[in-house]
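Over in Swiss-Prot, the protein carries these features:
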{"type": "BINDING", "residues": "Met41, Gly193", "note": "substrate binding site"}
{"type": "BINDING", "residues": "Lys116, Thr166", "note": "ATP binding site"}
Amino acid sequence: MQALTNPFPIGSSSLIHCMTNEISCEMLANGILALGCKPVMADDPREVLDFTKQSQALFINLGHLSAEKEKAIRMAASYANQSSLPMVVDAVGVTTSSIRKSLVKDLLDYRPTVLKGNMSEIRSLVGLKHHGVGVDASAKDQETEDLLQVLKDWCQTYPGMSFLVTGPKDLIVSENQVAVLENGCTELDWITGTGDLVGALTAVFLSQGKTGFEASCLAVSYLNIAAEKIVVQGMGLEEFRYQVLNQLSLLRRDENWLDTIKGEVYE
């Protein structure tokens, strides 16, 4: 894809602050390490700013939200906004939780670099009809035409922010560009935390100076292409999970991996 340039080798071992849930915490930490950066996970309000101030990117994931974690999230997001620290917000569960949806809308005032979610979550957030249950997307919510138009309008309201919408076809929308990407495999939906991992990888690429649009395209494509290489081998679910990290660490050695991205970028 001509609009993207290879981010590897990683130029500096950036510190990525992930405020995420306990379920996917280990996967995110190892995924960040596999790309050559360093993870830290701190969500106690008493120390959250100490770690955020040392970081080169911030990833906020709303899984397992609590009152204390919400306080820490708001503190970190405020600092990121004031210091121009790249920030990714993953709108997990906004289809079900009014508390999470309200928090995400408040976080928009802190101007995240990337707002991420699955098709159902983003449709819910922008006020479109959706069928999402829990934290999962519905197959009924994969229509992108109406969503694309609304996201273009939101990008004008929140200039500088990109939307990363995951699904069978991944949609990335910024003020001036739209990407529709088609790599991936259904096996990624069978293990928990892969969606969260996309957000963490987006933060990694943001820490290397990529724009929100570029970082989103790179992150979702990198994970999807790594997974495609595993599926070719054929294996059980636990082995597939194990091999995800292997391929994340190996794919960056392939100087031509960008050539395997399937999709289009529109100006």
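Along the chain as shown, the residues are counted starting at 1.
Cβ coordinates come from backbone N, Cα and C, glycine included.
Counting Cβ atoms from all protein chains shown, Gly193 (substrate binding site) has 22 others lying within 10 Å of its own Cβ. Rounded to a whole number, the distance between the Cα atoms of Gly193 (substrate binding site) and Lys116 (ATP binding site) is 14 Å. On the backbone, the CA of Gly193 (substrate binding site) and the CA of Thr166 (ATP binding site) stand 13 Å apart. Cα spacing between Thr166 (ATP binding site) and Met41 (substrate binding site): 24 Å, rounded to the nearest whole number. Within 10 Å of the C-beta of Thr166 (ATP binding site) we count 27 further C-beta atoms, all protein chains included.
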